[in-house]
Ligand SMILES: NC(=O)c1ccc[n+]([C@@H]2O[C@H](COP(=O)([O-])OP(=O)(O)OC[C@H]3O[C@@H](n4cnc5c(N)ncnc54)[C@H](O)[C@@H]3O)[C@@H](O)[C@H]2O)c1
Ligand SMILES: O=P(O)(O)OC[C@H](O)CO
């Protein structure tokens, strides 16, 4: 990875956007602010150090705990040292997972081999994890979110702010509902999003990468930047919460299509590139159809094209979809065999997205999403992935 080149590019962009966002800490009217990297020395300290709570402790939850724990330790004026992490309790190798994390400082089930900072405290009690938190990080498979929100509703500190790292959407009462919308409605709090080209194991190994934080109020976006940004995990912030979130969910569907492509002998890199290009177009069309405020720039950030590329080459969705073609096993068996307790998100999202589009009578405008859904359901063959525009 030529990180030097990337950094020179980032500095150039910074010089450009600093002029544009010169007033970013003072507010700048209703016009969206272009994506930018905050200037560390200009970041205002919060009145009191903020207590952080993490909800989720899977593969990504653990990788992010490593970053957040280290940044909390490094910035005592901004954050309380102890960071609690809600862990869905289970036994692993004859011990409780919370005990393993707190004694060995490693999540041996979901992120083996990576040391966690000692200020990360695993807690099997959801309420005790969140009740004193000023900043809440949601990082768990999207199917568990409604139950979690029901449990913590009404039990949080006044003024709590949240960020979602969850790549998924909900289909509730025949309507598309984003995770950020669900959190905002249930908890009545401000919500940001963090999405990017971030395969958890690579982030945890401190390989250089970028990510995007979507914010509504710039002060909150900048505070979360401080919590997540590191030398090897470079965050840019975008004045668009929903755009990154929709990209994060939909790229999982395209990744399933890319995996189908990898599983069919006759298809190679060019074929996969075609699926990715059309997938990106459908992602943008979907996002802007449902949320016209989603900005075109968002698709050129790490959360857009960056994440699409990494996920179609190195992600779990891609891997499982390839295995679906090659082994002919069920999705449940593949998830169990290949992911060892981690959760496959793209198949569920392919179904949810299809139901939303079908319900709104616009499914024919999304031929690739429709074809991926049908292959997931066994109604079309994987070879049909390239015939997305010729099928009913
Ligand atoms: N893993 C990655 O590389 C990666 C990177 C970026 C974003 N994401 C996204 O982050 C989110 C979380 O993914 P992850 O990789 O941390 O999780 P994961 O796939 O490792 O999922 C397993 C997690 O689910 C928990 N769980 C199982 N049953 C549960 C239940 N009934 N209630 C509550 N929790 C339960 C497990 O304890 C574990 O923490 C997903 O939306 C994913 O798309 C993942
Ligand atoms: O492994 P996947 O397919 O869930 O993708 C992981 C990340 O979302 C890549 O950014």
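Heads up, the Cβ atoms here are built off N, Cα and C, so glycines get one too.
If you look up TrEMBL, you'll see 56, 57, 58, 59, 60, 61, 144, 200, 316, 343, 345 marked as NAD(+) binding site. Here TrEMBL flags 167, 316, 317 as substrate binding site. According to TrEMBL, the domain 'Glycerol-3-phosphate dehydrogenase NAD-dependent N-terminal' annotation covers 51-219. Per TrEMBL, domain 'Glycerol-3-phosphate dehydrogenase NAD-dependent C-terminal' is recorded for 240-386. According to TrEMBL, the feature transmembrane segment maps to 5-26.
A map of TrEMBL features onto the structure.
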residue: 56; record: NAD(+) binding site; contacts (Cβ under 8 Å, 6+ apart): 85, 86, 137, 138, 139, 140, 165
residue: 58; record: NAD(+) binding site; contacts (Cβ under 8 Å, 6+ apart): 110, 139, 140, 141, 342, 343
residue: 60; record: NAD(+) binding site; contacts (Cβ under 8 Å, 6+ apart): 139, 165, 198, 200
residue: 144; record: NAD(+) binding site; contacts (Cβ under 8 Å, 6+ apart): 88
residue: 167; record: substrate binding site; contacts (Cβ under 8 Å, 6+ apart): 142, 195, 248, 249, 251, 252, 345, 349
residue: 316; record: NAD(+) binding site; contacts (Cβ under 8 Å, 6+ apart): 338, 339, 342, 344
residue: 317; record: substrate binding site; contacts (Cβ under 8 Å, 6+ apart): 252, 255, 256, 259, 311, 344, 345, 346, 347
Worksheet entry | CB contacts for residue 345 (NAD(+) binding site) [other CB atoms within 10 A, all chains] | 23
Item to complete: Please check each of the binding-site residues 56, 58, 144, 316, 317 and report the ones with a CB atom less than 6 Å from an atom of ligand 2, ordered along the sequence.
Response: 316, 317
Fill in: Any further residue of that chain within 8 Å (Cβ to the Cβ centroid of 167, 316, 317) of the recorded substrate site
252, 255, 311, 315, 318, 344, 345, 346
Worksheet entry | Residues among the binding-site residues 316, 317, 345 that border ligand 1 - Cβ under 6 angstroms, in sequence order | 345
Response to the item:
Secondary structure of the domain 'Glycerol-3-phosphate dehydrogenase NAD-dependent C-terminal' (240-386) by DSSP, residue by residue, totals 115 helix, 0 strand, 32 coil
